[in-house]
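Q: Not my notes, these are from Swiss-Prot:
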- D22, G151, G212, G233, S234: D-ribose 5-phosphate binding site (BINDING)
- K79: active site, schiff-base intermediate with D-ribose 5-phosphate (ACT_SITE)
- R163: D-glyceraldehyde 3-phosphate binding site (BINDING)
Amino acid sequence: MNERYELNKNLAQMLKGGVIMDVTTPEQAVIAEKAGAVAVMALERVPADIRARGGVARMSDPKIIKEIKAAVSIPVMAKVRIGHFVEAQILEALGIDFIDESEVLTPADEMYHIDKWAFKIPFVCGARNLGEALRRIGEGASMIRTKGEAGTGNVVEAVRHMRIINAEIKRLTTLREDELMAAAKELQAPYDLVKYVAQHGRLPVVNFAAGGIATPADAALMMQLGADGVFVGSGIFKSQNPEKMAEAIVKAVTYYDKPEILAEVSEGLGEAMQSIDIRKLDEKDLYASRGW
């Protein structure tokens, strides 16, 4: 079990410094791969459309996932509902590369997340804070991402979540060893993971940014805040020029600390996706609060 998990963590580590893009067709997947994406997320609808349509959002049709998988050579991810281990079993049977237990889809279980140790395939999970991140890792997640607020084109929540996680990690590194058990209780997280973070000053898995990233500047901002890479959902194919936007965001993640290059890649992209002021959303319409 531990050998398999170490392999899964290493697979996620190989995506570090890259961009993972949401795609809904094989054609979009090819655009993403040509632009330099390190992986794609196969979906029936991007988060902006899921948000607009409402209702219950479920795992994508296996036919769509298989078509996207056949179109590209880079890893393909797909989403399942929180707690829906049967959807995860189906995706594992399809030979998908990573499963995202995602708050963007309608939760199937409001009490329990999936036991990710029961699967051979690596899992990605969202987190708003260090406690959530360590609980998901304790369940077997090989990769963490900020939850942000998907489908809004508004990066503010992703920034908030990344800053919170980083601040809580920094705090752990200042504690004495005899204070770590109390910290584990406070975080509601496994003691061994809390101790690891305190000793190493980082999560034991990669932590990507996700949720509301709509421009190259957004992507570079998240990288400068300490993200290991970036997920872009609606920001590519809801923009005016998806091909140019995809290439620009990949370059922005690579050269995130080079303002001259960021200025160059941000030029002439056309209009970014339509955005939403998160303050105007009802509590029931917030995805990030799903899960615990």
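Here the Cβ of each residue, glycine as well, is placed from N, Cα and C on the backbone.
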Q: I'm trying to understand the geometry here, so how far is the Cα atom of S234 (D-ribose 5-phosphate binding site) from the Cα atom of the residue listed as 'active site, schiff-base intermediate with D-ribose 5-phosphate', in Å to the nearest whole number?
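A: Checking the Cα atoms of S234 (D-ribose 5-phosphate binding site) and the residue listed as 'active site, schiff-base intermediate with D-ribose 5-phosphate' gives a distance of 15 Å.
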Q: Rounded to a whole angstrom, what is the C-alpha distance between G233 (D-ribose 5-phosphate binding site) and the residue listed as 'D-glyceraldehyde 3-phosphate binding site'?
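A: That separation, Cα to Cα, works out to 21 Å.
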Q: List, in sequence order, the same-chain residues at least six positions removed whose CB sits under 8 Å from that of D22 (D-ribose 5-phosphate binding site)?
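A: The answer is V40, M41, L43, V46, P47, F231, V232, G233, S234, I236, F237.
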Q: Quiz question: given the recorded positions K79, R163, which has the greatest number of C-beta atoms lying within 10 angstroms of its own C-beta?
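A: Going through K79, R163 one by one, the largest Cβ count within 10 Å is at K79.
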Q: Using only the residues recorded as binding D-ribose 5-phosphate (D22, G151, G212, G233, S234), report the maximum Cα-Cα distance in Å, whole number please.
A: 12
Q: Could you check the binding-site residues G151, G212 and say which one's CB has the most other CB atoms within 10 Å?
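A: In terms of Cβ crowding, the pick is G212.
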Q: Please identify, among the recorded positions K79, G151, G212, the one with the smallest Cα-Cα distance to the residue listed as 'D-glyceraldehyde 3-phosphate binding site'.
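A: So, of the listed recorded positions, the one sitting closest to the residue listed as 'D-glyceraldehyde 3-phosphate binding site' is G212.
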Q: Can you name every residue in this chain, apart from D22, G151, G212, G233, S234, with its Cβ inside 8 Å of the center of the Cβ atoms of the recorded D-ribose 5-phosphate site?
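A: The surrounding set, listed in chain order, is V46, P47, A48, V104, A150, T152, G153, G211, I213, V232, G235, K238, M273.
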Q: What is the Cβ neighbour count of S234 (D-ribose 5-phosphate binding site) at a 10 Å cut-off, with all protein chains included?
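A: The answer is 25 other Cβ atoms.
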